[in-house]
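Data first, discussion second: the structure below is written as structure tokens.
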Amino acid sequence: MKTSELILAIETSCDETAAAVIEGGRIIRSNIVASQIESHKRFGGVVPEIASRHHVEQITLVIEEAIQQAGIQKEELDAIAVTQGPGLIGALLVGVNAAKALAFSIGKPLIGVHHIAGHIYANRLEQEFKFPLLALVVSGGHTELVLMKEHGSFEVIGETRDDAAGEAYDKVARTLQLPYPGGPRIDKLAAEGEQSIDFPRAWLEPESYDFSFSGLKSAVINTLHNAKQKGETFAPADVAASFQASVVDVLVGKTIRAAEAFGAKQVIVAGGVAANRGLRASLEEVFADKQADLLIPPLALCTDNAAMIGAAASILYQQEKFADLSMNAKASMPL
Amino acid sequence: MNILAMDTSNQLLGVAIVKDGVTLGEHVMHGHRDHSVRLLPAIEQLMKETKTTPADLDRIVVGQGPGSYTGVRISMATAKTMAWALGIDVIGVSSLEGLAHQGELFSGYVCPFFDARRGQVYTALYASNSDSFEQIDEIVNPLFSDWLEQLREKGERILFLSPDIEMYRSMIIEILGEQAIIPEAAIHYARPSVLAQIGAARKADDLHQIVPNYVRMTEAESNWLKQQEQQK
Ligand SMILES: [Zn+2]
């Protein structure tokens, strides 16, 4: 297998229609994202059917732009990669069928990529991996600690037992009547507030790397509700700061413990919540004097994009792990 | 001209290859749960058997729905992307029209329909006689019982074609009696070669712009509009 292969990657698992061309797993030749955030705003969250409809409208446009910006002809591609899952099934199906159609039409191999593998590999577009590697994956749908001993091998050592961190952010944002998407708003507000409310930290069993955020979410809602009944008010900035402190404490605490227990050489933060400034600052502080190098991708690579899918696909290409034309989209699938 | 036609908007998965008006082959399968798994393998197999390569294709005709939102997107995403990759034309044809054309030898009205749940259908009406075949009005999404009452007013014979005919046979006969003509099984299943034939004569669509004809807006959008109305 050649090592400077050109992969066109497609990502449509949620509300971004994206295509990218990645060279040799590490060089971004193009990275196109058509965001639908404006269409979903008025509904206060992503509407799956609307997302799917937008994907059909955008799919050939983003593919064409990715090829053009990469400055290549589609015949020069070595493989077509696509997010197979997990995600919104109707949304995934658009990308999967487009990828199959393209691979068949130009006679190139097809590669199915796990969305979370993509988020992790986004970091390899910045810096080469060193194993063992620990990844903290935090997004609207995921909160996981993943241990990697070599390329393409993923061991989930901890995961959320209820809500994902990003979900908790969205729900608390709604309670504070912040507009969608709530996560970034809370992060911004938290920077202006004081940690004046003592919200619980769900550490679970001492040896566990699992997470739980539903208790925290309920605590925030109850605190605000009780205060309202007593005619008291909390400054939204203080609520945001206190809530964020609780989330960040647990995420950072479990990450550092796992990094030390497994002797991680690198600790990677992946997923949309990796853009959170509170989380970044706290991780940077804690890992400053530790053995493991901390890697957090730039903002554009944290949120959903196709470059990360192409980066993860490169490993599967080298391992010749190709999919056939009966590949299907999967709403949930193991990493 | 080599045409690849496909439709996955309802229960049937249909793929056909038509060369200069001759159907080289077609593949029709039931089972709307796994169109996404079966469509590309069906295309690949049929092309192999008809000794057609992707590069031989001149245009792609795709059933534009209405039907299952997810189903119609599977063939639309496939058709658009193949047409883009091969640099050829894509033509969308109403899936109801494809079915209706199977009744073109009939003289009178032809009413194709697809079940749309909760007593509703997707349907349109066509006027057929020995020298013309025309669609009357737009595709609609009515309660089927209301639609049948409207058709009764026409006072003429109406041929019904639908893969969901058995669900509605007694209702049709109850409302329209002798006015309704309901043929036996096979003709209720749309053949993709008919879609290819219709698409052969059409002007190409804009490859990037073409989308399924969902007929309905999404539930979220219609609820939102209702809310806006109430707030006025
Ligand atoms: Zn994601």
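The count begins at 1 with the first shown residue.
Glycine is treated like the rest: Cβ placed from N, Cα and C.
The following features are taken from TrEMBL:
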DOMAIN    A:28-310  domain 'Gcp-like'
BINDING   A:His115, A:His119, A:Asp304  Fe cation binding site
BINDING   A:Val137, A:Val138, A:Ser139, A:Gly140, A:Gly141, A:Asp170, A:Gly183, A:Asp187, A:Asn276  substrate binding site
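Here the features listed in TrEMBL are painted onto the structure.
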residue	record	DSSP class
A:His115	Fe cation binding site	helix
A:Val137	substrate binding site	strand
A:Gly183	substrate binding site	helix
A:Asn276	substrate binding site	coil
A:Asp304	Fe cation binding site	coil
Binding-site residues compared (A:Ser139, A:Asn276) - the one with the fewest other Cβ atoms within 10 Å: A:Ser139
Annotated binding-site residues A:Val137, A:Gly141, A:Gly183, A:Asn276, filtered by Cβ under 6 Å to ligand 1: none
Cα-proximity to A:His119 (Fe cation binding site), 10 Å cut-off, over binding-site residues A:Val137, A:Gly183, A:Asn276: A:Val137
Chain-mates of A:His115, A:His119, A:Asp304 with C-beta within 8 Å of site centroid, Fe cation: A:Glu11, A:Ser13, A:Thr83, A:Ile116, A:Gly118, A:Ser139, A:Gly271, A:Asn305, A:Met308, A:Ile309
Rounded distance in angstrom between the Cα atoms of A:Gly141 (substrate binding site) and A:Asp304 (Fe cation binding site): 12
Pairwise Cα distance for A:Gly183 (substrate binding site)/A:Asp304 (Fe cation binding site) [Å, integer]: 15
Distance in Å spanning the most remote Cα pair of A:Val137, A:Val138, A:Ser139, A:Gly140, A:Gly141, A:Asp170, A:Gly183, A:Asp187, A:Asn276, given for substrate: 18
Residue pair A:Val137 (substrate binding site), A:His115 (Fe cation binding site) - Cα distance, angstrom, rounded: 11
Cβ neighbour count (within 10 Å, all chains shown) around A:Gly141 (substrate binding site): 22
Neighbour count (Cβ, 10 Å) for A:Val137 (substrate binding site): 28
Other CB atoms within 10 A, centred on A:His115 (Fe cation binding site): 26
